[in-house]
There are 2 protein chains.
Amino acid sequence: MFELHKTADSTKARLGTLTTDHGKIETPIFMPVGTLGTVKAVKQDELLEKVKAQIILGNTYHLYLRPGCDIIESAGGLHSFIEWDQPILTDSGGYQIFSLSDNRELSEEGAEFQSHIDGSKHMFTPENVVDIQRTLGSDIMMILDECPPYPCSYEYSKESMELTHRWEKRGRDAFLNTEPKYGHQQFQFGIVQGGTFEDLRIESAKYITDLDFEGIAIGGLSVGEPTDLMYEMTDLNTDYLPEEKPRYLMGVGKPANLLHAIARGVDMFDCVLPTRNARNGQIFTQNGYINIRNAKWKNHHKPLDPNFPTDICSKYKMSYIHHLFRNNELLGLQLSSLHNLTFYLWLMEEVKERIAEDTFHDWYKEKAEILDTKI
Amino acid sequence: MFELHKTADSTKARLGTLTTDHGKIETPIFMPVGTLGTVKAVKQDELLEKVKAQIILGNTYHLYLRPGCDIIESAGGLHSFIEWDQPILTDSGGYQIFSLSDNRELSEEGAEFQSHIDGSKHMFTPENVVDIQRTLGSDIMMILDECPPYPCSYEYSKESMELTHRWEKRGRDAFLNTEPKYGHQQFQFGIVQGGTFEDLRIESAKYITDLDFEGIAIGGLSVGEPTDLMYEMTDLNTDYLPEEKPRYLMGVGKPANLLHAIARGVDMFDCVLPTRNARNGQIFTQNGYINIRNAKWKNHHKPLDPNFPTDICSKYKMSYIHHLFRNNELLGLQLSSLHNLTFYLWLMEEVKERIAEDTFHDWYKEKAEILDTKI
């Protein structure tokens, strides 16, 4: 399913192709997040034609609660329900149980939780999140894990990692003993944990590698730890992961974070940041990011960057976009969301070109610094 | 500027072309409302290419307050500010003063009001709303009028109409004594008032006709009166309006209202209804309207109407659109707004075809009844 084409000389950056029954994904790749089966404020045809998204995410926790598995199953699966004929990855819901739900209770069996919507009680186990994702029919499903907070003691991190490992073994077995429902193949990715402790990260990488998932995610990062520590743990993890499997750094991040993580051997990313921040007026550009709500744009009657092919950069005056945001007009959210995702996918194309040309090493640090600067 | 091509035999329905420097408008026409310089949730390219809008509205009251005339003037006018190179009509702000602002006070001079946003004090006069609309640079500007409520006494209606007439004379003079600012021609439409009293409506139609505006609007209707009374007053007014001028029924309405008003000789319409109701889940179809939030659509895994060429009708499952609305997803608002406007403009094309073929008379009443039925 994954073909590694190249590893860069002076960094660990890689070029690869991930092949699913819904299409190929050229890595490194960013995956727009469509929590409830919609990437907020962006239409499916725009995702395909303008953003050039190759794969999007759905959230198991959210979709399980709303609209529910019965609806999605009777609609013919998630691809059919949302009319997206390209690859979909679904997370396991583990992260949402810990970040959103009330009164969650962890046991060896799984995680019991109350819905954040109506307080109803539910149980996720390593086995039933496989079943749920069989029903969703995602091309890539994630294993159930526990994602501990940061900071976190060594002892808790170790115990949590060990529970996650037992869950991952059970989840892998459940996956191998069940079949897809809609005629297309599904893959399962494991998740490395271990907090911010080197020995645990190494132990986890080895354990998860042995379970022979189709791909491996680095979990438990981007949860509040310093950025350098996130890079350090990522770097350590990829040293212990097999070359021939795709690596996915979950929940990351800013454009600069992506470049640094790619240099450390990561192939796949997802994050709500480009769309969530877009809705707050943060716009990414080739020369840094701006806040369009800032008064400095009120009288700026030129497009932001005529050389970047989105409506927000090359068509509309900054003053107009500023006006839309100051008046809470939906068009502002639509344009900024579409723009930021287009920017993220464009950045991945730039990265691929530079890895192919062996210029990534000389380029990425300076570029990351520029992209991380507020204009 | 207006060429009348045809008046139907058995109804007063007309076909015409209104020519502005930003393009031609084939009447009967519906004009999407872009209050603050954006038709809510619909992108300009979609308005042009999918909705096939020929002209949109901006609101003088709103644009004057936000972003303000200085910003729009320095951006080169409203067309340039919002990147819409097609015709624009701006209302005079009169209606908003009465419906939105606090502490309005009417005098012979004009209307003093407090902004609904920050309480600041402002004065609109027949002369300065011409100046403001010269700065906006709309292709068609409206005269300042008073729009009395319904019900309203004969005495108040008469006094209000007489004040409006004096204002309209002053506004017409101001228009004739000022010049456009951006190199394109502007037209000015007068507004007939007179409440729901036949003699006042006739008197007003005659008075406004004599002022020789480029077009004439029927105002003061669709403010709460029974629908039949609205039709009756419209019918009466068009009998007293010149054949060679376009007639615009302000703030109307539902699809059925448009058909009945066209049969009574109206050429132009505007209304927030298709977009506002779209955001509440009301979707218009060829066979009636639906409320997509209704539980009956939860498990309806088919598109609504494969023969109608919008995403909401022919692409997405009703269950998915229902899911988007139940979860307040922006995509629901985008798809429904785009759909309803496309439906309104499609309806105008149907109307024109039937007037041209002399089949409008036999078609419109039954069609109006179907369109007004909840599915």
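A Cβ is built for glycine as well, from the same backbone N, Cα and C atoms used for every other residue.
The domain 'tRNA-guanine(15) transglycosylase-like' annotation in TrEMBL covers B:11-369.
Here TrEMBL flags B:Asp91, B:Ser92, B:Gly93, B:Gly94, B:Tyr95, B:Asp145, B:Gln193, B:Gly220 as substrate binding site. In the shown protein chains, 25 other C-beta atoms lie within 10 A of the C-beta of B:Gly94 (substrate binding site).
For B:Asp91, the entry in TrEMBL reads active site, proton acceptor. B:Asp91 (substrate binding site) carries a strand DSSP state (E or B). Its Cβ placed at the centre, B:Asp91 (substrate binding site) has 31 other Cβ atoms within 10 Å.
Residues 95, 221-223, 227, 230, 269-271, 273, 284, 343-344, 347, 368-369, 371-372 of the same chain lie 6+ residues outside the region 'RNA binding' (B:251-257) yet bring a C-beta within less than 8 angstroms of a C-beta in it. Per TrEMBL, the feature region 'RNA binding' maps to B:251-257 (among others).
Per TrEMBL, active site, nucleophile is recorded for B:Asp270. In the three-state DSSP assignment, the secondary structure recorded for B:Asp270 (active site, nucleophile) is strand.
Summarising the annotation, TrEMBL assigns region 'RNA binding' to B:275-279 (among others). Within the chain, the region 'RNA binding' (B:275-279) has long-range Cβ neighbours (under 8 A, six or more residues past its boundaries) at 32-33, 39-42, 333, 336-337, 339-341.
Considering other CB atoms within 10 Å as the measure, the emptiest surroundings among the binding-site residues B:Gly93, B:Gly220 are those of B:Gly93. Within 8 Å of the Cβ centroid of the substrate site, not counting the listed residues B:Asp91, B:Ser92, B:Gly93, B:Gly94, B:Tyr95, B:Asp145, B:Gln193, B:Gly220, the chain contributes B:Met142, B:Ile143, B:Leu144, B:Glu146, B:Cys147, B:Ile191, B:Gly219, B:Met250. Between the two most distant C-alpha atoms of the annotated substrate binders (B:Asp91, B:Ser92, B:Gly93, B:Gly94, B:Tyr95, B:Asp145, B:Gln193, B:Gly220) there are 15 Å.
The C-beta environment of B:Asp270 (active site, nucleophile), restricted to residues of the same chain at least 6 apart in sequence and closer than 8 Å, consists of B:Phe30, B:Met31, B:Pro32, B:Val33, B:Leu57, B:Leu89, B:Tyr248, B:Met250, B:Gly251.
Note: the region 'RNA binding' (B:251-257) comprises 3 helix, 0 strand, 4 coil (DSSP; helix = H, G, I, strand = E, B). According to DSSP, the region 'RNA binding' (B:275-279) comprises 5 helix, 0 strand, 0 coil. For B:Gln193 (substrate binding site), the number of other Cβ atoms no farther than 10 Å from its own Cβ, over all displayed protein chains, is 29.
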